[in-house]
Amino acid sequence: RHGAVKNEDTFKTSPFHFDLWFYFTLQNWVLDFGRPIAMIILPLEWFPLNKPSAGDYFHMAYNVITPFLLLKLIERSPKTLPRSMVYVSIIMFVMGASIHLVGDSVNHRLIFSGYQHHLSVRENPIIKNLKPETLIDSFELLYYYDEYLGHSMWYIPFFLILFIYFTGCFTPVEEESRMPVAALLLMGPSSLYYWYLVTEGQIFILYIFTFFAMMALVMHQKRKGLVLDSNGLFLFYSFIITLVLIALWVGWLWNDKILRKKYPGVIYIPEPWAFYTLHMNNLHAAKESL
């Protein structure tokens, strides 16, 4: 029965899922983090600006592979989890990631025309002089679909699925509450990717609420005599290291006046790509032929 926890599942444990966590980390780095890099370094002649870039094909592959890996992760949970919620979350994840694909494709291609990610849409030199001015509204709509609607429909289901899986990662056996060497090796790349996900996606509030929910669950289950198994520890410690990396990132850029203007809210967490276009973008000037 969907959503019910079977009695016989209660004390089952599962070994560390090295294969799934490895594939998950690898495809996150290659297909998500690597897609804008591939778009920038590959010759424009291969992927004209009016056609999908290499990064877009990376994104398409990500939209197919990631839901599959999330489903396989849920299947390996030692407990029966609420399948209906998982399926709805996967559907929303695919929709959000697909919306983001379109918006992100256009926004990143604008870099070749001189678009600067550390500036708002209306402050960008190539945007603010558009005529008629209603075109600027269209670009702001595109930015909304990319950075707000797309990110929300992408990341909320993503973190919800991870948390649902996390709820099944408890065991009464103390010996199961330790991580193998493989988990320790994967923790660094996994945490660094979550740092990128939170900072570039501007989803710190979603991330921190998920982390607090994890901590509350750990303390609640501890009173029942249950501890995290190796998979739960891997996920929990990865989130802790991510928080440390975010704090270091914010501390490093705390006095950057230009980025402060771009991110004026109480929660100041600059995007890595905004930092790139502000301080490191010397790879592509505007193409004279465009």
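Including glycine, each Cβ sits where the backbone N, Cα and C put it.
All TrEMBL annotations are machine predictions without curation.
As recorded in TrEMBL:
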TRANSMEM  20-42  transmembrane segment
TRANSMEM  57-74  transmembrane segment
TRANSMEM  86-103  transmembrane segment
TRANSMEM  154-173  transmembrane segment
TRANSMEM  203-220  transmembrane segment
TRANSMEM  232-254  transmembrane segment
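Tertiary neighbourhood of the transmembrane segment (57-74): same-chain residues 17, 20, 23-24, 27-28, 30-32, 34-35, 38, 81, 83, 86, 90, 93-94, 97-98, 100-101, 104-105, 158, 161, 164-165, selected by CB-CB distance under 8 Å and a gap of 6+ residues from either end.
Here the transmembrane segment (154-173) lies next to the transmembrane segment (232-254) in space: the count of CB pairs under 8 Å, restricted to residues six or more apart, reaches at least 3.
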